[in-house]
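Enquirer: The structure under discussion is supplied below as C-alpha cells; questions concerning it will follow.
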Amino acid sequence: MWGASRGRVAGPTLLGLLLALSVRSGGASKASAGLVTCGSVLKLLNTHHKVRLHSHDIKYGSGSGQQSVTGVEESDDANSYWRIRGGSEGGCPRGLPVRCGQAVRLTHVLTGKNLHTHHFPSPLSNNQEVSAFGEDGEGDDLDLWTVRCSGQHWEREASVRFQHVGTSVFLSVTGEQYGNPIRGQHEVHGMPSANAHNTWKAMEGIFIKPGADLSTGHDEL
C-alpha cells in the first residue's frame, strides 16, 4: 500500500517563478553552454531511459516507507525540480560552479526533502532504494552525493553520475515501471557499478550566477 504525505509543501514562491518563466518562454529550449552552479534549480534527465528525476507526496509501501523517488517521461512536471545545495554549511557558495568530485545535496523543491539512499531493497528491481528524506532541506549524512564528471566542473551539456557518499551506489534507472497510484513512472534506485543506466544531464531550470538572486540572476533553459 502506498501512502500520501500530508506535510507542508515547501518552495511555493520558487515554483511560481519557475512556472512563470516556463509560460513566458513557451517551454524548454535547447540548453546553452555553461556550468551548473550551487543554488541552481533544475531537472535531471537520465540519458539512457529518457526520464526525469521526480518525487511527490507519496510514500513507499515497503522498505523505508519514506517519500518515493521515481523517473517520469514528462518534461513539464513541476515535481521534477531539484535544488543543488552544499554538503555542509557554506560548502557550496551560491552561484559558484559545482566541481567534479564535489559532494552535494539535491533537495526536492516542492516538498523540501533531500535525495537519499540507504540499505533497503528497492520495490521492483531489488537494487538499493532511493527516497526523499528530511524536512525543509534538513536531513542527514545519507543525503550526500558526489558529482562524478570529466574535467574540473559540472558542465550543463555533459553527462554526469551521482555516487552516494555513504554507500557508494550510483543513482540509476533500469526501466522497471510502477502500477497504481503512480502508473508508468520508473523506479529510481542505487546500483553498485557505473554503467549506461546511471548517466544524467541537466535540463530545464534556473542557473544562479555569482552574486545574483533567484529573481534576476538566471539563465533559462
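Placement of Cβ uses the backbone N, Cα and C atoms for every residue, glycine included.
Residues annotated as signal peptide in Swiss-Prot, with sequence analysis given as evidence: 1-28. Annotation comment: Swiss-Prot describes 33-87 as domain 'MIR 1'. Per Swiss-Prot, the feature domain 'MIR 2' maps to 95-150. Marked as domain 'MIR 3' by Swiss-Prot: 151-205. Sequence annotations record features per position, and here Swiss-Prot assigns phosphoserine to Ser215. Annotation comment: Swiss-Prot describes 218-221 as motif 'Prevents secretion from ER', evidence class sequence analysis.
Locate each feature and note its surroundings.
Expert: Each residue of the domain 'MIR 2' (95-150) gets a DSSP state, and the totals for helix, strand and coil are 3 helix, 28 strand, 25 coil.
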Enquirer: From the DSSP assignment alone, can you count helix, strand and coil residues within the domain 'MIR 1' (33-87)?
Expert: 3 helix, 28 strand, 24 coil
Enquirer: For the domain 'MIR 3' (151-205), what's the mean pLDDT in this predicted model?
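Expert: So the average pLDDT across the domain 'MIR 3' (151-205) works out to 97.
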